[in-house]
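Worksheet: the structure to be examined is printed underneath.
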Amino acid sequence: MASVAAARYGKDNVRVYKVEKDEKTGVQTAIEMTITVLLEGGIETSYTRADNSVVIATDSMKNTVYIKAKEHPVTPPELFASILGTHFVETYAHISTAHINIVTHRWTRMIIDGKPHPHSFLRDGAETRNVEAVIRQGKGIDIRSGIAGLLVLKSTGSQFHGFVRDEFTTLPEVWDRILSTEVDCGWAWKTFSGLNAVKAVLPKFDQAWEDSRNITLKTFAEENSPSVQNTMYKMCTQILEAVPEAKAVDFSLPNKHYFTVDLSWHKGLKNTGEDAEVYVPQSGPNGLIQLTVARSQLRSSKL
Ligand SMILES: O=c1[nH]c(=O)c2[nH]c(=O)[nH]c2[nH]1
């Protein structure tokens, strides 16, 4: 006999834009998000017996996103995800869990003649602020906040040596290399008991995002990196210290390689070692280094 082992469904790629207007100053703020809603619960019969009486149409989920965006603040995204998810598990008795993902895109205020412009913005990069929230009926809210698509490069201040050398190894050891990656990182909050518990720590969400971003950039820039592995561990431990409410921090970093090119065949041009100036950016294959550091592991590593 076959049986349903797992099922969830919902609306993906719900695009929403909201403008916040400060009537006193005339300053407006643009917020653009892409939202995913996935629901779980007593929906098995919709798959096994064509029982649509348990189906909330994904079209209605999309409508709900727009209505809740009108009725409530959409920032910080951790709050809006919690509001949305709580609505679904509290409104529909047979829905036990709501998975709400929010990707917030950058609309950075323009600086015109040295002054912040009241209503004009630019997209200064593909970086997004992300929230993955799981809202369980009567069992609290789990949130992972994060940053994705933050492309960084340093032209020196990175090394890689001392790794395994055997009959499969061709990579030379280097004491000076280019380091580039696209940061995907996240910090998982301790479980919130419900929407009110999320509301109680509201300012901490923006602060955690700012601290995590600053720590990531500062560590990347200032450290003479011995490896992606060690640099990302340093980022994780600092974020755990800066965000006491986070129980774990994770990073996924592709190593975007830049290869040197030997040009000595052309009139003896020197372009290797200390003379390297022209490199060939690689699209793939690339390294991919991942790490999660949890608070308890951090404590035991200090013993
Ligand atoms: O920082 C690095 N870590 C690795 O594991 C690795 N492997 C590799 O080929 N280059 C690098 N760089």
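First residue shown is number 1, and so on along the chain.
Backbone N, Cα and C define each Cβ position, glycine as well.
Taken verbatim from TrEMBL:
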type	residues	note
ACT_SITE	Lys11	active site, charge relay system
ACT_SITE	Thr58	active site, charge relay system
BINDING	Thr58, Asp59, Phe160, Arg177, Val228, Gln229, Asn255	urate binding site
ACT_SITE	His257	active site, charge relay system
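Take the CB of Val228 (urate binding site) and look out to 10 A: across all protein chains shown you find 21 other CB atoms.
Sequence-distant neighbours of Lys11 (active site, charge relay system) (same chain, 6+ residues apart, CB-CB distance under 8 A): Ile35, Thr36, Val37, Thr58, Asp59, Met61, Lys62, Val65. Local packing around the Cβ, expressed as the count of other Cβ atoms within 10 angstroms, is greatest for His257 among the recorded positions Asp59, Gln229, His257. Checking the binding-site residues Phe160, Arg177, Val228 against ligand 1, the ones whose Cβ sits under 6 Å from it are Phe160, Val228.
Note: Arg177 (urate binding site) has non-local neighbours Thr156, Ser158, Gln159, Phe160, Tyr258, i.e. same-chain residues 6+ apart with C-beta under 8 A of its own C-beta. Long-range Cβ contacts of Asn255 (urate binding site) within its own chain (separation 6+, distance under 8 Å): Leu179, Ser180, Thr181, Val228, Asn286, Gly287, Leu288, Ile289. Between the CA atoms of His257 (active site, charge relay system) and Gln229 (urate binding site) there is a gap of 15 Å, rounded to the nearest whole number. Of all the recorded positions listed here (Thr58, Phe160), the one with the fewest other CB atoms within 10 A of its own CB is Thr58. Across the annotated binding residues for urate (Thr58, Asp59, Phe160, Arg177, Val228, Gln229, Asn255), the two most widely spaced Cα atoms sit 51 Å apart.
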